[in-house]
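This report refers to the structure that appears directly beneath it.
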Amino acid sequence: MLIIFLFFNFCYGFNEPLNVVSHLNHDWFLFGDSRSDCNHINNLKIKNYGYLDIHPSLCNNGKISSSAGDSIFKSYHFTRFYNYTGEGDQIIFYEGVNFNPHHRFKCFFNGSNDVWIFNKVRFYRALYSNMALFRYLTFVDILYNFSFSIKANICNSNILSLNNPIFISTNYSKDVYFTLSGCSLYLVPLCLFKSNFSQYYYNMDTGFAYGYSNFVSSDLDCTYISLKPGSYKIFSTGFVLSIPTKALCFNKSKQFVPVQVVDSRWNNLRASDTSLSDACQLPYCYFRNSSGNYVGKYDINHGDNGFTSILSGLLYNVSCISYYGSFLYDNFTSIWPRFSFGNCPTSAYIKLNCFYDPLPIILQGILLFLALLFIVFLLFLVYHG
């Protein structure tokens with residue numbers, strides 16, 4: 001029987017990498033949207049778990065922070081807000097689709113959604129790289145030494161309103177300070193309009209801004225800075241101060257563990273982007289994707305078989321997670337587990353040219369088994385004299 005096992009192991013391989021997101025133990029957490037929002041099922045006209053891309057048995061395990069219609073990027077920048085909060089050693093992200101080219105957001109009528117897609121890439125790159133080093137994620141408000149009675153109403157559309165950052169005139173009489181305390185690290189936006197000249201008229205009653213800028217960038221260009229706790233002063237050489245109001249809070253440092261990201265996209269009938277794959281880079285991130293179009297069972301954008309298969313890895317532990325996929329065992333594999341963590345295969349097996357008939361192997365196994373029985377019988381006779 002051992003020969004039969006070795007035959008199939010070496011010639012066919014029992015430990016190929018699986019295209020799933022999974023975990024080594026029960027210390028994991030998932031951040032998602034409607035495709036993993038079990039609470040949203042109760043809001044449907046017909047309570048149908050086919051709406052989800054995760055298995056319903058995961059709904060009450062306390063390891064998922066998801067909200068239909070939301071994303072971490074959207075909650076970070078806009079008034080539409082969900083407080084994504086969770087903790088785990090192995091972090092999985094399956095969200096992001098709720099801000100993409102389909103929404104066509106831009107700050108101005110003649111602005112550019114492309115600038116915002118670049119912002120999205122930079123945001124998720126910073127999020128993923130930081131979460132490889134921390135267990136805990138949540139949102140926090142940034143508090144100031146005074147309230148802003150006058151602020152510019154910039155970057156609004158019929159679907160979203162920007163509230164992080166907000167903008168005030170640099171002629172404001174008070175110095176602007178903020179303090180960060182309570183978290184190990186903060187992700188804070190620094191957004192500006194790249195311009196050589198700007199002039200605005202502020203409505204003192206409504207705070208609405210009318211104006212002109214000689215833009216180099218046609219929209220709001222953001223970078224995302226990881227700041228340690230401390231007191232900060234904001235100053236600018238421009239005409240407008242960009243004031244951050246929210247930050248991502250990272251807490252409870254851990255040994256480096258790459259995050260796992262599942263592509264978040266629509267059916268091909270809607271425009272999607274490649275922001276998540278662009279942001280998810282080695283060594284801090286593993287990217288998982290389905291090879292086909294997203295075609296849901298509940299509707300075309302919910303319940304796709306390919307992505308359900310990828311998320312099915314959350315139902316069980318694996319031995320090893322790597323760039324190529326997850327491994328169930330730590331023995332042999334045909335694909336070396338590059339950039340891996342966990343108990344991973346120690347060597348790649350040599351794939352032999354196994355073209356011979358397996359029947360002789362089976363007969364050898366039977367003969368080996370009979371030989372073992374005969375030896376046991378002889379030992380029995382010797383023992384009983």
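Including glycine, each Cβ sits where the backbone N, Cα and C put it.
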Exercise for the section: Of the residues Asn251, Asn317, give the one that Swiss-Prot describes as N-linked glycosylation site. Expected result: Asn251
Completion exercise
If you consult Swiss-Prot, the disulfide counterpart of Cys344 among Cys285, Cys320 turns out to be Cys320
Problem - As recorded in Swiss-Prot, which of Cys155, Cys183, Cys191, Cys354 forms the disulphide with Cys249 - result: Cys183
Exercise for the section: Could you pull the disulfide partner of Cys280 out of Cys222, Cys285, going by Swiss-Prot? Expected result: Cys285
Exercise for the section: Other Cβ atoms within 10 Å is the metric here; tell me which of the recorded positions Ser34, Asn331 scores highest. Expected result: Ser34
Completion exercise
For Asp299 (active site, charge relay system) and Ser34 (active site, nucleophile), the CA-to-CA distance in whole Å is 12
Fill in the blank from the handout: Cys38 (disulfide bond) sits from Cys183 (disulfide bond) (Cα to Cα, rounded, in Å) at a distance of 29
Fill in the blank from the handout: The correct DSSP tally for the region 'Esterase domain 1' (1-121) reads 40 helix, 18 strand, 63 coil
Exercise for the section: Work out how many Å separate Cys191 (disulfide bond) and Cys107 (disulfide bond) at their Cα atoms, rounded off. Expected result: 12
